[in-house]
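What TrEMBL says about this protein:
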- Ser58, Glu128, His156: Mg(2+) binding site (BINDING)
- Arg269, Asp283: ATP binding site (BINDING)
Amino acid sequence: MRNWLQKIGYKDVDVAALNIVHVAGTKGKGSTCAFTRSLLQEWGKRTGFPNKIGLYTSPDLTSIRERIQINGQPISEDLFTKYFFEIWDRLFSQQDGEDERQPRYLQLIALLAIHTFSQEGTQAAISETHHGGEYDATNVVSAPVVTGITSIGLDHLAQLGPGIEDVAWHKAGIFKHGTPAFSAPQEPAVEAVLRSRAAEKGVQFEVVPVNPSLPLNANALPAQVQRINCSLAIALVNAFLSRKSPFEQKKLSEQDIQQGIENFSWPGRFEVIKTASCTWFLDGAHNELSIGQAVEWFAEMATAPSYRNGQPGPPCMIIFSHMSEERDGPSLLRALASAVERNDIRGPEMVFTTYQERRDGSIRPDKTLKPPDKLLADLPKQYCGLWKSIFPNASTRYLASIEEALEYAERASLQRDGLQVLVTGSLHLVGGALYLLQRWKQTSSDR
């Protein structure tokens, strides 16, 4: 990665000049980075520094340009195209031979983010890892301003496992000598690994509890996990300011925090959308840790999921899809079933679908998802049988596209007043659903 960075014209000192906040973890990386950006931007509005903040996250939901943002907005198509071909030309014009190794997709996008932030003159940048940390492409950053670790669980075990301690070891690979590191609360075994790695690297390490001064009724903090993510983000920003602020004041004010939370936006994560007859709850939970948090949030936020606590209420439906070579889909579905039981959500209708957005199979030009192989493509149909084996009386349905699943829920809502729908299991599913729901709302408002 460092060799490619040099090929496109950057040294370690150039990357360090971007003032990077580097974040790893299993759950909540994107939200924590988005909170960090929002809080730091409020400080910047008030003081003038930083006036441009870069944000690099993955995956995207509806457009690849979402991965590279400046001041909370995806870069334009023109800028994306311009900077992409600049680094492409630099990489491939300097090839020494046909067998020379070239960056893969994620490595290329990470290089593009660094180039974009440098060319656009950002004064701070927040970057999340793709997965892992020690060997992640984003770990080319040798001197971040501060590093953060979000909640760690069992995910990407083929690369990072087999145990949770191994996962923690990889995540802590972003720690750098002399750079402060902060972590969300972890289970004891994970915290022990993080502390050990911090000591090895000469890093000042601190676990950040939930900030007791966070507002209780903020729309951006609907779930406990978002309060954890926001608390970590506050610690990261304050550490950033203590090292980089050119002013005497080096800490967020209460007003900065309040406005940063109020202006926070992270689509597809704990998001609620209301249409004429449905309330949609969207969270791209794609591992066992996050799926439980998504169901708990749904149970708390929905007006009254179907027969919750034995009381009849508005009916609910869950739309689920998960097709991945890296994760065990059936295990994730069992975790979903356990969470449904644990939160006393009785009788949700289950709709299983694929990552195909449109019933006609058409694909948006900026869609980055490759079609699954045959074995993975058959998984959603198998999920119906697996769910029935857990809940024999459950109502299940397979629909071949996200569009058909959403339309089915809309039709069902006409007979079931106040239908509450949880869309979860994959960011690819949630991204497709979000894109279609936004188009529906736009079409409705244009009438």
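The backbone N, Cα and C atoms fix where each Cβ goes, and this holds for glycine too.
TrEMBL annotations: computationally assigned, not manually curated.
Distance between Cα atoms for Asp283 (ATP binding site) and Ser58 (Mg(2+) binding site): 15 Å, as a whole number. If you take the Cα of His156 (Mg(2+) binding site) and the Cα of Arg269 (ATP binding site), they are about 20 angstrom apart, rounded to a whole number. Same-chain residues that are not part of Ser58, Glu128, His156 yet have a Cβ within 8 Å of the Cβ center of the Mg(2+) site turn out to be Lys29, Thr57, Pro59, Thr129, His130, His131, Asp136. Long-range neighbours of Glu128 (Mg(2+) binding site) (same chain, six or more residues apart, CB within less than 8 Å of its CB): Val23, Ala24, Lys29, Gly30, Thr32, Cys33, Tyr56, Thr57, Ser58, Thr138.
For the recorded site, Asp283 (ATP binding site), the DSSP three-state label reads strand.
Ranking the binding-site residues His156, Arg269 by the number of CB atoms within 10 A of their own CB puts Arg269 at the top. A strand conformation is recorded for Glu128 (Mg(2+) binding site) in the three-state DSSP classification. Listed binding-site residues: Ser58, Asp283; maximum Cβ neighbour count within 10 Å falls on Asp283.
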